[in-house]
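Colleague: Structure incoming, see below.
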Amino acid sequence: MPGKSRTIRKEIKKKQRQRRRQKQAQQRDKQLEEEEAEKQKVIDPEYQKWQKQQLEWEEFERLASERQQQDEEEAWLRREALAQRQFQLDAAERRCEEDKINRLREQQAQELASIKEQQRQRREERKRMADRAAAEFESMMKTMDEYLNDTDTLKPPPLELQRLVETHPQERLCEFFTRTNCCRFGHTCSHNHRRPMLAKILLIRHFFSHPLLKLTSSDDYLELTEHDLRDSYDEFFHDAVAELEKFGKIVNFRALRNTLDYLRGHVFVEYAQERHALRAFINLQGRYYASRQLNVEFSNLKGWRGAVCGT
Ligand SMILES: [Zn+2]
């Protein structure tokens with residue numbers, strides 16, 4: 001029966017609609033209830049208090065977090081500022097050190113330049129002195145040559161040759177050298193040694209030599225006597241005078257029989273004229289006698305007594 005089944009279907013559909021509507025109504029009611037509960041809650045003073053506290057707490061946390069962040073930022077900025085300051089201090093210190101080093105280098109360079117300049121000036125001064133000495137020597141040789149070859153034999157020596165040579169003109173005279181023309185300090189003596197450029201007297205150092213004059217212990221030369229020394233000296237005297245007479249007239253001949261190293265065997269020869277002495281000087285200087293090189297110089301000995309204590 002189709003009519004019946006349609007009715008049933010209608011009924012079923014009707015039921016279904018009813019259920020749907022009921023469900024919707026239930027849902028609506030539930031929502032309304034919830035909304036109502038919510039409204040109730042909002043107006044509940046406890047809830048409002050709790051909510052207020054909650055909000056205060058959240059605000060406090062936010063502020064605390066903000067504050068912490070700010071503190072951290074400030075700390076970082078302080079560290080950064082300190083680091084910057086330290087960097088600037090280090091840089092300033094480095095610059096200061098570099099300046100110091102540069103100044104030191106500059107100073108050293110200046111000192112070196114000054115030393116080099118002084119050395120150059122000293123070299124130039126030495127060269128000037130050497131040149132002047134060489135020129136003076138040349139001039140002196142020429143003057144000596146002219147004086148030696150002058151036919152007027154009675155003419156006194158030129159003024160240039162009558163000069164005195166001094167080792168330390170500012171110092172006081174060396175007494176020993178002045179008295180004997182010898183000094184145990186030789187060229188190293190700090191006092192003034194004054195000698196003539198030309199004189200009638202010649203000093204020939206260590207000209208006479210004999211073992212007895214070198215005596216340090218008499219035992220070494222027991223067999224030698226004063227008589228041996230006398231014989232040797234006589235022989236030397238005759239030989240030397242014969243040689244020295246070739247240059248001019250000799251008026252005095254004295255030998256030192258002193259055993260001191262710096263006096264031993266020195267011979268003083270006095271010629272009648274400076275010209276003779278000069279001739280002897282030129283011929284004997286550097287020549288060998290008895291296998292020893294002769295060392296000759298002009299002497300301004302004032303008296304024999306002070307200088308010579310032997311024959
Ligand atoms: Zn002296």
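Heads up, the Cβ atoms here are built off N, Cα and C, so glycines get one too.
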Colleague: Checking feature assignment: zinc finger per TrEMBL, candidates 29-56, 169-196. Which range matches?
Modeller: 169-196
Colleague: By a Cβ-Cβ criterion of under 8 Å, what residues six or more beyond either terminus of the compositional bias 'Basic and acidic residues' (117-132) are in contact with it?
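Modeller: Distant Cβ neighbours of the compositional bias 'Basic and acidic residues' (117-132): there are none.
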Colleague: What average pLDDT does the predicted model assign to the zinc finger (169-196)?
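Modeller: Its mean pLDDT is 91.
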Colleague: With helix taken as DSSP H, G or I, strand as E or B and everything else coil, how many residues of the domain 'RRM' (200-301) land in each class?
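Modeller: Across the domain 'RRM' (200-301), DSSP assigns the residues as follows: 41 helix, 23 strand, 38 coil.
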Colleague: Please work out the helix, strand and coil residue numbers for the domain 'C3H1-type' (169-196) from the DSSP assignment.
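Modeller: Counts, helix then strand then coil: 9 helix, 5 strand, 14 coil.
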Colleague: How do the residues of the compositional bias 'Basic and acidic residues' (117-132) split into helix, strand and coil according to DSSP?
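Modeller: Computed counts for the compositional bias 'Basic and acidic residues' (117-132) are 16 helix, 0 strand, 0 coil.
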